[in-house]
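A.B. asks: For reference, the structure I am asking about is given below.
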Amino acid sequence: MNPYILATLLFGLGLGTTITFASSHWLLAWMGLEINTLAIIPLMAQHHHPRAVEATTKYFLTQAAAAAMVMFASTTNAWLTGQWDILHTSHPLPVTMITLALALKIGLAPMHAWLPEVLQGLDLTTGLILSTWQKLAPFALLLQIQPANSTMLILLGLASTLVGGWGGLNQTQLRKILAYSSIAHLGWMTLILQFSPSLTLLTLLTYIIMTFSTFLVFKLNDSTNINTLASSWAKAPALTSLAPLILLSLGGLPPLTGFMPKWMILQELTTQNLAPAATLAALTALLSLYFYLRLSYAMTLTISPNNLSGTTPWRLPTTQLTLPLSVTTTATITLLPLAPAILALLAL
């Protein structure tokens with residue numbers, strides 16, 4: 001892609017998200033969401049492959065339906081309350097519709113079916129943008145409206161953690177596994193959204209860091225399915241030895257960074273007398289942990305059964321930029337000792 005066009009599209013992504021962040025009016029927030037969607041669509045379709053075009057079409061139709069639902073709900077809210085301000089969204093009908101529309105936008109269960117299919121059709125770089133940056137604007141709106149119906153949010157969160165764990169069990173494609181991982185993590189964020197918005201933001205930040213490093217590991221190895229992971233030891237031995245730690249951090253295993261938000265969420269849920277929800281969320285995390293262990297096993301304890309066709313990749317030095325990967329990998333593995341400081345900041 002032409003670098004000027006790429007820069008324009010990335011600027012459009014940033015502009016749309018910033019407009020949604022800064023808006024207090026529903027029309028302006030809707031405009032930011034639309035700019036965001038229209039900016040990423042050419043990035044998704046840049047590889048003229050039928051699978052990429054199919055994924056782009058699915059994404060566009062889903063986002064258009066969600067945006068139309070947001071517009072309809074905000075108009076209904078203005079009709080019922082006389083206010084267009086986001087913070088004045090108080091009537092239960094538009095609040096429910098907007099929450100469901102934003103859940104469709106980010107891929108919460110049971111509105112999740114589009115996410116694995118779309119992510120499977122994209123290259124890893126665009127998939128990384130879709131899994132991280134595209135979640136920011138809808139979450140900003142969810143945090144602002146503060147829905148009164150916390151039962152619906154808890155049900156959405158529990159359904160997402162269950163679907164995210166269950167759906168990834170039988171997958172061999174890495175992008176679909178990462179899509180179900182995204183659904184499960186979004187479920188954890190939604191569970192705690194009503195009770196501790198700052199904890200939701202912390203979980204979103206740690207999820208972005210961990211997913212960033214996971215996508216970059218797969219991109220460096222040029223891997224899109226589990227079978228190709230077996231040759232990663234010959235390509236990058238040091239990175240392959242660290243990759244299981246990154247994956248287990250995504251699964252929330254101590255003493256890695258990913259354990260911190262889940263531990264704090266379970267603590268907050270028990271404080272809110274929601275011990276059954278906390279127990280179910282913890283059990284669904286075991287489902288996710290299984291397929292992260294599968295990926296770790298495939299990377300480190302298996303040997304590629306056949307010779308790779310073409311140029312042997314382990315004889316060619318990589319030309320990819322590795323600084324972002326090293327920074328995010330370090331953050332993914334070693335941030336847990338900062339948990340007391342983070343707890344102190346959240347208490348403020």
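Keep in mind that glycine also has a Cβ here, set from the backbone N, Cα and C atoms.
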A.B. asks: Can you say which of 25-43, 177-195 is given as transmembrane segment in TrEMBL?
C.D. replies: 177-195
A.B. asks: Can the transmembrane segment (92-115) be said to touch the transmembrane segment (323-347) if we require at least 3 CB pairs below 8 Å and skip pairs under 6 apart in sequence?
C.D. replies: no
A.B. asks: Under 8 angstroms for C-beta pairs, at least 3 of them, ignoring pairs fewer than 6 apart in sequence. Is the transmembrane segment (177-195) in contact with the transmembrane segment (274-293) by that rule?
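C.D. replies: Yes, since the transmembrane segment (177-195) and the transmembrane segment (274-293) share at least 3 Cβ pairs closer than 8 Å, they count as touching.
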A.B. asks: State the non-local partners of the transmembrane segment (323-347) in its own chain: residues 6+ outside its ends, Cβ under 8 Å from one of its Cβ atoms.
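C.D. replies: 196, 198-199, 202, 206, 209-210, 212-213, 216-217, 220, 239, 242, 245-246, 249-250, 254-260, 263-264.
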A.B. asks: In terms of Cβ proximity under 8 Å, which residues at least six beyond the ends of the transmembrane segment (201-221) contact it?
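C.D. replies: Answer is 124-125, 127-128, 131-132, 135-136, 139, 143, 174, 178, 181-182, 185, 188-189, 192, 228-229, 231-232, 235-236, 239, 243, 246-247, 249-250, 257-258, 260-261, 264-265, 318, 320, 322, 324-325, 328-329, 331-332, 335, 342, 346.
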